[in-house]
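Worksheet: the structure to be examined is printed underneath.
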2 protein chains.
Amino acid sequence: MSEPEKAQLSSSQLRVQANVIRGLAIDAVEEAGHGHPGAAMGMADIAAVLYAKHLRFDGANPDWHDRDRVILSNGHASIFLYSLLYLTGVPGVELDDIKAFRKAGSKTPGHPEVGHTPGVEVTTGPLGQGLGMSVGMALAERRLRDEFGADVCSHRTWVFAGDGCLMEGVGQEAASLAGHLRLGHLNLLYDMNSITIDGSTDLSFSEDTAAKFKALGWHVVTACGHTHDEIDDALAAAIAETTRPSIILFRTTIGFGAPTKSGTSGVHGSKLGSDEAAAAKAALNLPAAKFEIPDDHLATWRAFGARNDAEHNAWRNRLAQLPKDTAASYDRRMSGQLPDDLGQLAQATKADWAQSKPKVATRKASQMALQVLTTHLPEMIGGSADLSGSNLTKTTAMSTVFSAEGSGRYVNYGVREFAMAAAMNGIAMHGGFVPYGGTFLVFSDYMRNAIRLSALMQARVIYIMTHDSIGLGEDGPTHQPVEHLASLRAIPGLHVFRPADAIETLEAYETALTLNAPSLFALSRQGTPALRTEATAENMVSRGGYLIRKPSGKRDLTILATGTEVAIALDAAEQLARESFEVAVVSLACWSLFDAQPKAYRDEILGDAPRMAVEAASSFGWTRYVESDDHVISVDRFGASASAETLYEEFGITAQAISDKCLRLLNNHRAQKSVQCQTGELA
Amino acid sequence: MSEPEKAQLSSSQLRVQANVIRGLAIDAVEEAGHGHPGAAMGMADIAAVLYAKHLRFDGANPDWHDRDRVILSNGHASIFLYSLLYLTGVPGVELDDIKAFRKAGSKTPGHPEVGHTPGVEVTTGPLGQGLGMSVGMALAERRLRDEFGADVCSHRTWVFAGDGCLMEGVGQEAASLAGHLRLGHLNLLYDMNSITIDGSTDLSFSEDTAAKFKALGWHVVTACGHTHDEIDDALAAAIAETTRPSIILFRTTIGFGAPTKSGTSGVHGSKLGSDEAAAAKAALNLPAAKFEIPDDHLATWRAFGARNDAEHNAWRNRLAQLPKDTAASYDRRMSGQLPDDLGQLAQATKADWAQSKPKVATRKASQMALQVLTTHLPEMIGGSADLSGSNLTKTTAMSTVFSAEGSGRYVNYGVREFAMAAAMNGIAMHGGFVPYGGTFLVFSDYMRNAIRLSALMQARVIYIMTHDSIGLGEDGPTHQPVEHLASLRAIPGLHVFRPADAIETLEAYETALTLNAPSLFALSRQGTPALRTEATAENMVSRGGYLIRKPSGKRDLTILATGTEVAIALDAAEQLARESFEVAVVSLACWSLFDAQPKAYRDEILGDAPRMAVEAASSFGWTRYVESDDHVISVDRFGASASAETLYEEFGITAQAISDKCLRLLNNHRAQKSVQCQTGELA
């Protein structure tokens, strides 16, 4: 379809195309027996106009780097997105996939999952986070545009969102941040259907959304979501506005077309039922047979999908005209490849530090590592949730701030931890960047579900969580993490690092960068000695755990520790050595990586001598490595407002206390062993 | 001081009184060596006017039920609150406590902690949550006022908050909810000092706050925070407005009085330093000596504290005039005592259910239990974050909805999980209520730090978290909790219940109500059989874990399970019994309560036979009770979009799969035991 042709699609033609989506939504939910047809039916007209006239995309090539991003923040409407992917000809999304909606093993799960379904940009469903990720997408786009030029990068981020996304704190933080940063290529399509799960939004929501978004610095447009000219004008206005993010408040009817259920919460999360489905399809002038789409309707949708063929080609040509170095850099960045010499760089830095032996807090070691890495890796984009000076997330390479005026490399996210995490997910999934961001470890709580999404998407995001224990000191129990290491280690697919010194911190960064998965660093406020003073060729932290102290003879005891407690454990080991015990100390910097090592390696490291674990955090989970909770020196209650030294003393995390407890363990074990030898039986 | 007298305090007199706070803030932070003097110095004039003229409180009796609540949402400014408590004569807060600011064991920790310092209403510090709790306080006040009359309950909630609280998602959700509910007795005192930790708020915050709050339905007032007449008028206007919450945007100077550091982020979280401190005190006309307060200034503050003596007495008299039953009910409610006959009620219900054997999802059992309890306990106040129909949190007693118009017992919190949790904390800490609220277990992530605050404050809040596993089904991995049970069990002081059937659910409620601590219920979407079919006199769940299946002979094996997996474990046990194994099954409904049982009880329940654990969640933490991760049947990766049955099958959580794995364990154990007998040694 040529530009003049598509511009001339009449309102009734667009309605026909929209109704195809409605038909698929009705049928797929009916076939599954469950799902969310209402929002898909409500938003179908918007999609028809957007895809027919405005969206920059290429159905046959959904990975086109310079495509507009479409994010479905109200992810429960997944059938809406799946229908669009199928209709516009995304390879690998077929009608059979629509028919298998919400079934085991299908490409069309209950909520959109990136990596699982071609053309899905991010995993959405937990409300508000799609909006947060869209802010990250728009931020990444603007930065990339400034780096490589608008010829190569100039696309928009369109985010569909419902009332729920706007009510959620993360959505509100994200909206505030987007307004502040004046992300002009971000367009929020608000499906204002006035219905939530519990009924009318009046039950719980009475904001003047237009006034609110104006107050946040947004460009605000309103339109009827079922009047195609209005939709068209609104989308055009959003595109024309390039200095502020745009929100279009689309008045829509949830379940549009369902004769008795439209406009009610009954159509939000349930199938229509066969009678209502049949009546709706008749009212929408759709074929009665399930999943039947008239050829010409499908052909028109496919034409929408092919609408930007010429523009895609023109883009390829512009890309080909880039200077060779720039093109190579762009390709490397978009492929997510690291520079070839990263290993050398890390090794050289390690050699430096093996000499200088920096005795610093690991948050400071993090800054030192970042100083080297951010200088060398232009894809790193940093930030903090208003704790830059505490998290030490700034480096000289990060001196350009991302602001309303310019797209620097450092983002002042404000006191918005959750939006920061969601935005970082969006930045990572956009491509071209490795985002990192800081706050206190205790506030990982605030962004926890976004960290979970990082893990679910295997997004390469680095969370820099400082002040990682009672070592935080006088700010007291509200700010001292206790259960956080355990709770984060429990998230599948997240790598939690707690490095013991500067070199371990560097190794953790090198590992995190190569993982293609999210990493979370727990870093100390307080100083700790340099423990690793040789520039080992091997990245020891990449193993997850290793012997940082090897006994000379047969092991009597193994002490497992992480972070700043490794130094204390080493001191305890020295005390025990003076009493002729052979003590190994394991730095267990990353449990998930250690658990992934071959059994032989793990057995060698853990040894078969009795074990004691030491960590200034909850003992929860440590029994994976030690016999019982009695073999963990830990912090199993909330902390207190006092100096780090006082608290470590109070909780028995000193070399003396560890050594004393280990001695008792060794004596018990000796006594036990002697009983066993006598009776010849244990169980 | 009489009413006419206090009304005539001149601006200069009020400045003098404000400067006393500034002096204490400067000296206390200087003495500690660290802390946050800036906000305290900035807000001192507001406090002087509020306490001198408007606040309804009684310094000598900080527990007066009908006092205005003062919440310091910007809890880092704790010295501000401590100073006010000391100055107004709160018993148990002395000048020595101010001198011990942020020291080990002091009454004046880094952030305010309720229960630790007399007069502190709630624990604050994690930004935004004080604002959330203040919404709960105002909600509780309005409900109590409607229940017992304005003669007995009519007070305001004053919440101090900074930019951070307004940027946080939880603060924004709370503000939106308060506007919707038209909480007219809520007054937000916004310390608009334009400085955050990282520098000027311009770095990250450019909202038009006044316009935004208007859009949320608030009454908006602006004033200079250092001009006493303006402060006075603004506070009076906030008090006069009773149908909308009020926000006063106070333009303030952070560190007011510090000659070179005021108005900068340098005074936010650091001591002034001796020179700046001395210069500030001189500029503020304060005695140079540390902690010195002229007698007449202290006397005036004490007079502020005694200002409402007459009103407090009048209130006592009004309370005494209440009908006897009403007074008894009010006293019971405010003391937090449960009705005497709760035990009988639970027992009778248990007897009913032992007969009817309801085969229901535990979320349904929860609703059945709530139906009984909410009818009987008027202090219960319920709600859901827009999932009432899924969480099954509504009962007939909850038919009155808390809305803009009236104060019913059920709160539609909207899609605002974090604000719901924070508000419930406020409701619980206000007194008179036991709040409960629902969402999906996976969204415990969204409110996690408020759950943590419940635990830190030991607030009696009940979290009803349904859809507690992959049993949620087709909505897929974004909505299926995996790591959540582990991550919540790791929070000190939180009781996580995962009941196995209807009677266990009832017992869990009875236990939770008596705990005076927060409880979190993980409840199933899918149905499960009635397992407990006798009305035992003992509340078995209150023990945390117990033998739900006792073997007849010497135990060969113990299976530990929770929730819906208990029924599956019992089926597996039956299969194993048919092969002549003596199998015990433990329902481990609440780990924290089980761990608190005497060792003899725990040993008896766990037994010394080999153990296998079964839970449709992460294995993380289970090694506390079983030998190794190999002894846990669990879900250690993200789920998928498929039916509950398919997923349970896929993850090996069926009676057959459990029985097979147990058989392998028993065989291994037998083989091992035989080796031990031969060698006579294990380690």
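Using N, Cα and C of the backbone, Cβ positions are placed for all residues, glycine too.
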From the candidates A:Asn187, A:Asn193, A:Asn412, give the one listed by TrEMBL for the same thiamine diphosphate site as A:His76, A:Gly125, A:Pro126, A:Leu127, A:Gly164, A:His268, A:Phe443.
A:Asn193
So TrEMBL lists A:His268, A:Arg363, A:Ser390, A:His467, A:Asp475, A:His479, A:Arg525 for substrate; which of A:His34, A:His36 goes with them?
A:His36
Taking TrEMBL at its word that A:Asn193, A:Ile195 bind Mg(2+), choose the one of A:Asp163, A:Asp229 listed for that site.
A:Asp163
Around A:His268 (substrate binding site), which of the listed binding-site residues (A:Gly125, A:Pro126, A:Asp163) come within 10 Å, judging by Cα atoms?
none
Could you measure between A:Leu127 (thiamine diphosphate binding site) and A:Arg525 (substrate binding site) for me? Cα positions, answer in whole angstrom.
34
At a CB cut-off of under 8 A, do any of the binding-site residues A:Asn193, A:Ile195, A:His268, A:Arg363, A:Arg525 come close to chain B? List them or say none.
none
Round to a whole number and give the Cα-to-Cα distance in Å for the pair A:Gly164 (thiamine diphosphate binding site) and A:Ser390 (substrate binding site).
34
Site extent for thiamine diphosphate (largest Cα pair distance over A:His76, A:Gly125, A:Pro126, A:Leu127, A:Gly164, A:Asn193, A:His268, A:Phe443, Å):
34
Cα proximity to A:Gly125 (thiamine diphosphate binding site), best match among recorded positions A:Ser390, A:Glu417, A:Asp475, A:His479, A:Arg525:
A:Glu417
Show which residues of the chain containing A:Asp475 (substrate binding site), separated from it by at least 6 in sequence, have their CB under 8 Å from its CB.
A:His467, A:Ser641
To see if you understand the setup: which same-chain residues, six or more apart in sequence, place their Cβ under 8 Å from that of A:Asn193 (thiamine diphosphate binding site)?
A:Gly38, A:Ala39, A:Gly42, A:Gly162, A:Asp163, A:Thr252, A:Thr253, A:Ile254, A:Gly263
Within 10 Å of A:His479 (substrate binding site) by C-alpha distance: pick out those among the recorded positions A:His76, A:Pro126, A:Ile195, A:Glu417, A:Phe443, and say none if nothing qualifies.
A:Phe443
Secondary-structure category, per DSSP, in which A:His76 (thiamine diphosphate binding site) falls:
helix
Suppose we draw a 10 Å sphere around the Cβ of A:His76 (thiamine diphosphate binding site). How many other Cβ atoms does it contain, all chains included?
26
Rounded to a whole angstrom, what is the largest C-alpha distance between any two of the residues A:His36, A:His268, A:Arg363, A:Ser390, A:His467, A:Asp475, A:His479, A:Arg525 that the record assigns to substrate?
48
Tell me, by DSSP, whether A:His479 (substrate binding site) is helix, strand or coil?
coil
At a 10 Å cut-off from the C-beta of A:Glu417 (active site, proton donor), count the other C-beta atoms across all protein chains.
32
